[in-house]
Each structure stands twice: as structure tokens, then as C-alpha cells.
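According to TrEMBL:
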- 12-27: transmembrane segment (TRANSMEM)
- 48-65: transmembrane segment (TRANSMEM)
- 71-93: transmembrane segment (TRANSMEM)
- 105-126: transmembrane segment (TRANSMEM)
- 138-156: transmembrane segment (TRANSMEM)
Amino acid sequence: MLGLLKSERKIWVTNVPGVILGCYYAYEYRKYCPRNAANLPGTFSQHVNAIFFIAIFTLLAAFGLSREAAASLVGMEGVVFCVLLFSSPLAAMRSVIQTKSAKSIPLPFTLVSILNCTLWSVVGVIEMNDIMVYAPNLLGLLASVAQLALITIYGTSKSSPAKYKEEGSVFLP
């Protein structure tokens, strides 16, 4: 919505596929997830209700406020969600340090976050000069690098990487 409000094609064109894929992933998740699964904070219907509320709030802002005010409000909303998304794996930091295993931090998400945040930070600073674009992505980059550091230090198994022994040319836990 921010890209539309600011008439910034780079933002909305690149995010539309992500929204479509996100909806598809949620649909697939729901199809295979048991009704009372406890792996989400809250129920699936609570998540749907929250998404509905946020969408209504965003649309009301977009159509009820001046374009500039709406862009500012929707931009701040995006900043909050962007920072929450990229830093959410750090919620497991205490567990990672206690168990000396970064198994709970997804490496693919971390690597993609580093790439995504780096690119959006560069575009946000150099091309757009828009704090609503580069600020959350710089914070996301810091959080993602911290996650990668935890994965590097602790590895993704119960054994610390330092405890691996060498047998021939293959490292075994």
C-alpha cells in the first residue's frame, strides 16, 4: 500500500508477488495444520482476524486520510511489521545460548533476510532516500547478522561446532 500511496513502483511491484505467495503459503499451511495445533501463538482464526483488522485499518487510512498522512501512517505500520518479521527468530536467543544450539533459527530465512535487507537498504538510501524503506531494513540486517552469528557460533545441532571431530576429510558430529 505504501508503494501505491507514494506512487513508488519499485515498492509495490516487488511486494505483490510476496503477498500472493504469502496468501498461498497460509492456505497450504491451514490445509495441513490440525485445528488445535499449538505451534502458533494463538489460533489460526485469531491470525486471520488480526490480518483482517490490519487490512481494514490500512484501507481506512489509505482512503480516509490525505495521501501524505496515509503514506506516513502506512509507512510506520510497515516499519513495525518489517522489524518484527526480521527480528522474530531472535526471540529464541535465550534458548539458543542455554542449549548451545541454534537449531531453532532457520538458516535459509536468515540468509534471505540478509540479502533482502541489504538490497532494500541500498535502494532506500541511494535511490529513494526514504527512511521508511531503509530504516527497518537496516534494523532487519542487524538482526539477521546477529542470527547468522548465533548459527555460526552454536551450530544447528546439540553439539557445538567446536566439538566436531575430523575423520579423514569429513567432519562428523
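Quick reminder: no glycine exception, Cβ is built from N, Cα and C everywhere.
Curation does not apply to TrEMBL; its annotations are automatic.
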Next item on the list: Could you name the stretch, out of 12-27, 48-65, 71-93, 138-156, with the greatest number of CB pairs under 8 A to the transmembrane segment (105-126)?
Entry: 138-156
Checklist line | Long-range Cβ neighbours of the transmembrane segment (48-65) (under 8 Å; 6 or more residues past either end) | finding: 1, 4-5, 73-74, 77
Check: Near the transmembrane segment (138-156), which residues from the same chain, at least 6 beyond its ends, have a CB less than 8 A from one of its CBs?
Finding: 82-83, 85-87, 89-90, 93, 96-97, 100-103, 105, 107, 110-111, 113-114, 116-118, 121
Check: Sequence-remote contacts (6 or more beyond its ends) of the transmembrane segment (71-93), Cβ cut-off under 8 Å?
Finding: 1-2, 5-6, 54, 57-58, 61-62, 65, 104-106, 109-110, 113, 117, 132, 135-137, 139-141, 143-144, 146-147, 150
